[in-house]
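First the structure, in the form of structure tokens, and then the observations on it.
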Amino acid sequence: MLRENTRSRFILGLLLLVSAVLIVLDSRSDGNPVIGTARTAGQMAFAPISTAVSTLTAPITDAYRALAAAPGASERIEELQARNTELTRELAARDRERERSDDLADLLRLASLGDYEIVPAQAVTRLTVQGYADTVTLDVGRRDGVDTEMTVLNGDGLVGRVTEAGETTSTVRLVTDGSSSVGARLAGSKEIGVVSGGAQAVGTSAPMRFELLDATATVEKGEQILSLGSHDNAPYVPGVPIGAVSEVHDTPGALSRTADVEPVVDFSRLDVVGVVVAAPESDPRDSVPPSVPGPDDRAEDAARDGADQEAAADQEADREADQGTGQEPEQGTGGEGTGAADEPGTGVDTDEPPGGTGDGSGAGDTGPLGRENEEEPS
């Protein structure tokens, strides 16, 4: 360790001595060729070191010069950062307004399809009410025409029911709440049942359950479920989409059939909603949700498609047979003419005068006879 320190000091001293000699020689060159040669050799020896040092220190030097040449640069940077933050907030606000505008448009479309009279509202708070696990607070109340036991929906479907109505706010129990039950039916059929919420506590999630009253009823995955409607349309109006069947449970010996339901409403981003203040005069039936065929409709469509395909195959086979024999279709056959003399021919033969019999032969001796019979008074 001591030897390394001694060597380092020796090298440092040697470099300092060489530097001092070069400085002295440079100041006393005065055209002396020996001194000039030594100075040139020194420049060549130290040129790589000088270049490397300049390259390493250039960014630091440039930054220092830029800061020195730009008074108030730090204030400008802070100003630009503040402006950037402000623009970011404005952009986020515009995005939220655009989303709310789209949500309102969807809400009005659904209300128009079902002929529901609604009061638009905004879900301002999602909170816990004693006895309920899933509720939201709306920014509308009695002064807006909202009352208890009214249906709440959004642009996708059923949200819940009003359980409390204040002067300016109201509380809604969501259909996902564990204590919520909604009379429902399968779209495109008459099968009815009850949809129950699955959430038992705030922050928990469980699938909604659809229980069919008829244990022998047919239900398939993907079928749409609509609200059946309550007596006097309170608390639920009919025809509002609730969700789609996500899984069917078959329990042998059970008195009813059950299925899991995927709600059409995204309750994690509930914002713009509508309170139905006046129900439609008649049940909108299946006019509100997307057109989803029921099992019977699907069976009929499949049978119709099969018949159409079979008929198309027969026509193609007949066409190929005609082409194989080289026969042209007869002209003037025109139907099932009987050839009776007292009836005008129904055949049309472009090569013969009109009035021929319907056998399509175009024979000239029968045409006039048919025409004479036409001219005779009955």
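Note: Cβ is positioned from N, Cα and C throughout, glycine not excepted.
Curation plays no part in TrEMBL annotations; they are all automatic predictions.
Restricting the average to the coiled coil (70-97) gives a pLDDT of 85. The coiled coil annotation in TrEMBL covers 70-97.
If you look up TrEMBL, you'll see 295-307 marked as compositional bias 'Basic and acidic residues'.
Sequence annotations record features per position, and here TrEMBL assigns compositional bias 'Low complexity' to 339-348.
Marked as compositional bias 'Gly residues' by TrEMBL: 355-367.
Residues or ranges marked as domain 'Rod shape-determining protein MreC beta-barrel core' in TrEMBL: 129-276.
Residues or ranges marked as region 'Disordered' in TrEMBL: 278-378.
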Helix, strand and coil totals (DSSP H, G, I; E, B; other) for the domain 'Rod shape-determining protein MreC beta-barrel core' (129-276): 9 helix, 63 strand, 76 coil
Folded-back contacts onto the coiled coil (70-97), same chain, C-beta under 8 angstroms, at least six residues removed: none
